[in-house]
Amino acid sequence: MTRILTGGIGKAQVAEELGGLGIDGLEVAVSSDMEAAMRLRAGQADYYLGTCHTGAGASLGVLLGVLGSGVCHTFGRSVPSEAEVTELLESGRKVFGFGVDQITDTTPVIARAIAAHTR
Amino acid sequence: MSDLLAGAGSAGGHSLDFSGAQQTTVILLCALTALISHLALAVFNDGVRPFMLDFIQGRSTRSATTAVSFGLSAGFIFGLGAPMALSTGVLNPWLLFLPTDVLGLLSPKRWLAPLLGGAWGAVVVFGLGGANKVAHDLPVDFLTAMQQMSTPILFLFTLFPVLAISRQFGRLRGGIAGVVELALVVLTMKLWPDVFAGAPAMAVGVVMLIGFATAKDVRQRRAERAEAAEREQEEKAQQEADEARAEAGAVAGVGAGAGAGGADAKTAAAAADADAKATATPATATAKAGTAASAAPDSRTVSEAELEDPMRSLFSASATRLRRHLPLFMLLGAGVCLLAQMHVFGGGEATSFLIAKGDHAGAAQVDFYRVFGFIPLIATTALASGAYAIAGFTFVYPIGYLLPNPWLAVLAGAAVFAVEVLALSWIGRMLGRLPSVRDSSEHLRSAISESLWLAILFGSLLAANTMGGGLGILIVGGLYLLNEATGRVVVRMAAAPAAVLVGGVLLNLLYWLDLFTPVKS
């Protein structure tokens, strides 16, 4: 079971979106940045998807500080391709930030890449 | 404030005429904010702050950080800041402080930062006024038409606490909050026609949200305490079982020692039995404790001690760094508060329109509620990165709007920033203990953008109708839809006002080509 936490201003929408995809093996929980930082650190969760207006600030702030920039990545307001996400996952990224107005486009791409990566 | 309800059409014609004092303030403040950004002490863009940690610690270069800052800010400068300033004739933080973030970080030398920042301030105060005047003199005056946006913004903004409550606490409480707010709006219109109808409703909505969140946190902490007590009891039970086992073992030993004594055999057997039972009990107790321990991390909250350790060291280092520069922050607070006091500046999306109409009390109220959505964001990003926000928690905006004279604004701004910077680590600790309150602030910000998104879109279409009728709606609505269809090149929030500006220019071109007659001349 891959545990994904969502945070930031669109956290409820991202969780809804993830739930609606019907991908097996993903466990989704709505969280907050501080809680998510600690749970990822403690190995109680695997990935974090954060959202805010820029896709980088509110969504990633605390996680960057606690976990370091090596595991964090922001797509900003652009929509990534699945290959791009897969590459990032392979390089060890666990924390992803993106724009709140790109939730419906970006969430499925990341979710599918995570599902394929952890399978 | 009643003119506010009468619709916005009459409020047009506000133009950017800055007095010498205002121009000087803007230029000096921009120089200061660029210097502060250069020193990596504060940036306006919440998105850039997280990247400042690597920069401050030397793991990232100045040029890389500048690139991040520009990438994250450009859309907001040209898509939100500039159209808002052009349409309202009021300055805003996206137009002033996002460019100074970039310019400050860009400057390789310290002395260059305030020069570039000041130059940007000059471009804004001299250039914007000119552009504004030119636009107002066009045959199709799209800037006056943009005043149409204020009514939907103000009335839909009233609902943001209801949206936040619905998302965080479900339909029932969201519905109740909605009914309460609507009733208050109707009541206010009936009883106090001079008060902005949304004001009491918004206040009650925000209080309800904070109440729900605090109640939830208190309940959760109580439940956690009960759970901890239960665990303690279990541990006690285990200890007792251990003791019982040790005793039984001793008895069994004695029994075995008695050996051949037939009468004692029964006792020995019983003791052995007791031993087995005693062993069994701690085993189950351990198993139980084991499940409790493994269940705890999976439960929604992380224990406080766990949360505090690595975060506390990160947070306290940042708080210390910021506190060392307290005088500079006080100067910054004084400047921002002074700018707000001059009534040529609006801090939030909705505020610029209110300031443009001279409704400073309404603007103060709207920006005050907005603060609650941003305190946790600003506090945690500042504490995580070691860089503060250019406008702090933005309390200086509403305070500035309301203060009667500039000297008071300077004093108040400095005092507010001093308190904010000094209280930062305490606020961080409090936020660690109140997960639902933090949660609320995220839902609040989400609700603010949701309500403003609809209001700005609707207002932009009203403006389009005012300046160009059906053709205006076609152009503005069409540009908005096109932006959506092409992956939102312009931030969604800013897409509609930007479309009004483009539409306005297009309609003027059509007028010159004799293809369009203005709706109102």
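Including glycine, each Cβ sits where the backbone N, Cα and C put it.
Per TrEMBL, the feature transmembrane segment maps to B:25-44, B:64-84, B:111-129, B:149-165, B:195-215, B:328-348, B:368-396, B:408-432, B:452-482, B:494-513. Marked as region 'Disordered' by TrEMBL: B:223-245, B:282-307. The compositional bias 'Low complexity' feature in TrEMBL is assigned to B:282-296.
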Field: Residue numbers, six or more beyond the limits of the transmembrane segment (B:328-348), whose CB comes under 8 Å of its CB atoms
entry: 16, 18, 21-22, 25-26, 28-29, 32-33, 36, 41-42, 84, 88, 90-93, 96, 322, 354-356, 358, 360, 363, 366-367, 370, 388, 390-392, 394, 396-401, 403, 405-406, 408-418, 420-421
Message: Are there residues at least six beyond either end of the transmembrane segment (B:64-84) with Cβ under 8 Å to its Cβ atoms? List them, or say none.
response: 43, 45, 47-48, 51-52, 54-55, 90, 92-96, 98-99, 101-102, 105-106, 346, 349, 352, 490-491, 493-495, 497-498, 500-501
- prompt: When you scan the chain for residues with a C-beta under 8 Å from the transmembrane segment (B:494-513), skipping those not six or more beyond its ends, what do you find?
  reply: 75-76, 78-80, 83-84, 86-87, 135, 138-140, 142-143, 145-146, 149, 456-457, 459-461, 463-464, 467-468, 471-472, 475-477, 479-480, 483-484, 488
Message: Between the transmembrane segment (B:25-44) and the transmembrane segment (B:149-165), are there three or more CB pairs that fall under 8 A, provided the residues in each pair are separated by 6 or more in sequence?
response: no
- prompt: Can you count helix, strand and coil residues in the region 'Disordered' (B:223-245) using DSSP?
  reply: 23 helix, 0 strand, 0 coil
Surrounding residues of the transmembrane segment (B:195-215) on its own chain - C-beta under 8 Å, 6+ positions past either end: 1, 4-5, 154-155, 157-162, 164-165, 168-169, 173, 177, 180-182, 184-185, 187-189, 359, 362, 365-366, 369, 372, 434, 436-437, 439-440, 443-444
